[in-house]
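Only one structure is covered here, and it is reproduced in the block below.
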Amino acid sequence: MFNRRLLRHVRYAFQQVRSNHSLQERIDAIPIERYRNFSIVAHVDHGKSTLSDRLLELTNVIKPGGKQVLDKLEVERERGITIKAQTCSMFYQDPRTKLDYLLHLVDTPGHVDFRAEVSRSYASCGGALLLVDASQGVQAQTVANFYLAYSMDLKLIPVINKIDLDIADIDQAEEQVENMFELPKSDCIKVSAKTGLHVEQLLPAIVDRIPPPTGKVEKPLRALLVDSWYDSYLGVVLLVHIVDGQVKRGDKIITAANGLKYEVRECGIMYPDRVATNTLKSGQVGYLVPGMKESKDAKIGDTLMHLGKESITEVLPGFEEPKPMVFVGAFPADGAEFKALDDDISRLVLNDRSVSLQRETSNALGQGWRLGFLGSLHASVFTERLEKEYGSKLILTQPTVPFLIKFKDGEKKIITNPDDFPDLSLRRSNLESLEEPFVEAIMTLPQEYLGKVIQLCDDSHGVQKEITYLNMTGQVMLRYELPLSYLVDDFFGKLKSVSRGYASLDYEDVGYKQSDIVKLELLVNGKSVDALAQVMHRDQTEHIGKEWVKKFKKFIKSQLFEVVIQARANNKIIARETIKAKRKDVLSKLHASDISRRKKLLSKQKQGKKNMKTVGNIQINQDAFQSFLRR
């Protein structure tokens with residue numbers, strides 16, 4: 001039995017080696033002039049991942065019927081969104097010339113929170129398929145991703161998807177592509193990624209219209225580090241675009257950013273999973289296993305070079321690491337699980353380098369972490385992965401944005417925890433200004449909902465920048481400048497609500513601007529509950545403060561003494577609720593006529609309750625915080 005199993009393993013390993021060898025031979029036979037690196041530009045849910053599956057089927061990378069092959073995370077498949085950019089190599093034989101082409105597809109996220117993933121992916125591409133849903137037309141993220149691709153000089157091929165739907169308006173979609181992006185209608189390829197209709201027309205178009213990489217294999221190695229992930233067996237795996245030169249197993253390499261030296265233990269292509277090859281050469285997108293132990297050593301946008309050749313190698317421009325813009329406090333639902341949860345969060349952060357992690361302690365909730373994310377969806381996805389992959393339960397505080405504090409002596413400070421927000425006395429003395437991040441939001445919506453959407457933006461302290469009526473489509477595109485704090489407070493949900501789900505949203509940062517902001521605190525018997533503090537615009541504090549005290553009152557149990565719940569902003573109490581004390585019947589054993597004894601006992605009880613209120617420590621259980629923080 002053992003020998004049979006061993007034989008089966010040996011036979012499988014031999015087949016893998018033979019398969020990898022034939023793959024390498026096929027790659028070696030294709031010159032760089034027949035490489036095509038491309039991506040797919042689209043709005044969320046316009047069919048990127050489905051189209052990727054059809055292309056992989058057509059090139060025999062996967063068997064027909066595979067679903068969302070490049071969406072490898074469970075949460076990606078469940079939500080139907082792409083979170084991590086993935087790459088896959090394909091071989092395509094052009095039926096017109098019988099020549100083999102090596103295609104590298106990078107499937108990118110569509111949601112604005114993962115824009116950094118998109119820009120990194122475009123850096124290794126020569127062109128892109130611009131995907132538009134025939135039933136919805138051009139949407140906000142289509143526009144934003146188009147301009148990003150255009151600014152990076154990508155050759156764009158317009159593709160109209162979902163033409164099989166009854167509500168598809170192909171003519172309108174083509175008009176929008178021509179009017180908004182100045183791409184001729186005649187260039188549009190009309191497909192149905194779901195059924196596979198006309199998808200085969202895309203491969204010749206990719207070969208004909210997208211230029212090959214321009215690198216030279218004889219030059220010194222220059223590899224652009226596009227992404228990284230952590231593997232428990234291999235350590236950090238690097239996704240790289242080989243701009244010039246070539247790299248093979250056993251090569252010594254050095255990083256330009258921090259001068260760290262490594263030996264390449266394995267290199268290869270994604271097909272769609274890792275397949276080891278002898279060499280990666282100029283123009284290819286593949287992976288390297290350098291024996292790197294920590295993800296923080298992999299600086300995205302870094303240049304990898306051959307050791308000893310760094311003096312004659314020009315470093316690539318690279319790109320800026322994204323900065324977290326949404327912060328939440330995270331605490332274990334059970335304080336005893338802190339150590340296990342700390343390990344789980346650390347492991348997950350290894351694979352999501354854009355999350356910032358810092359330990360913090362709350363008087364109310366104990367030990368926890370301050371987590372920084374790219375946006376609200378990013379935060380939601382991270383916590384969902386933590387629950388599903390590790391079974392961890394968290395209490396999350398309300399999301400907040402980073403605030404910039406400028407002092408009169410020229411010092412600047414970024415505040416990510418509302419509890420650190422300066423109090424009124426400091427503000428009067430040493431403070432020059434309080435600033436918050438703003439974004440420019442792009443919204444596309446049907447004209448009939450314009451009034452309600454404008455009202456929502458105005459209520460969110462927005463400033464209108466531009467309004468464009470899209471020709472003959474009944475659609476409007478709005479540009480508004482908004483505080484990011486309103487955007488993370490479920491602005492997208494409110495936008496969907498007032499537009500009945502028809503509006504789409506995209507945004508980009510425009511920097512910090514001065515605002516009239518204050519800290520709103522919840523006090524219980526005069527003590528601030530630090531985990532519940534929030535920074536907001538002054539005109540929000542009164543109605544939110546009243547909501548807070550009413551809501552929190554529901555979750556506090558009656559005590560033997562009076563409990564006072566207050567909301568305080570700018571050192572001023574703006575709302576109050578009182579939970580009356582439980583009353584013990586101290587008169588039950590008295591005779592009805594003993595009036596003096598009756599008065600004495602009631603006076604003693606009153607004084608006792610007063611003393612208890614002064615020194616009493618109210619125990620607020622974790623369920624109360626969870627219920628209060630739940631929307």
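Glycine is no exception: its Cβ is also placed from the backbone N, Cα and C atoms.
So that you can see what the record holds, here are the features copied from Swiss-Prot:
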BINDING   42-49, 107-111, 161-164  GTP binding site
DOMAIN    33-214  domain 'tr-type G'
TRANSIT   1-19  transit peptide
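The average per-residue pLDDT of the prediction over the domain 'tr-type G' (33-214) is 83, rounded to a whole number. Between the listed binding-site residues, namely LYS48, ILE163, the fewest other CB atoms within 10 angstroms of a CB are found at ILE163. Listed binding-site residues: ALA42, ASP45. The one with the lowest count of other Cβ atoms within 10 Å of its Cβ is ASP45.
In three-state terms derived from DSSP, LYS48 (GTP binding site) belongs to a helical segment.
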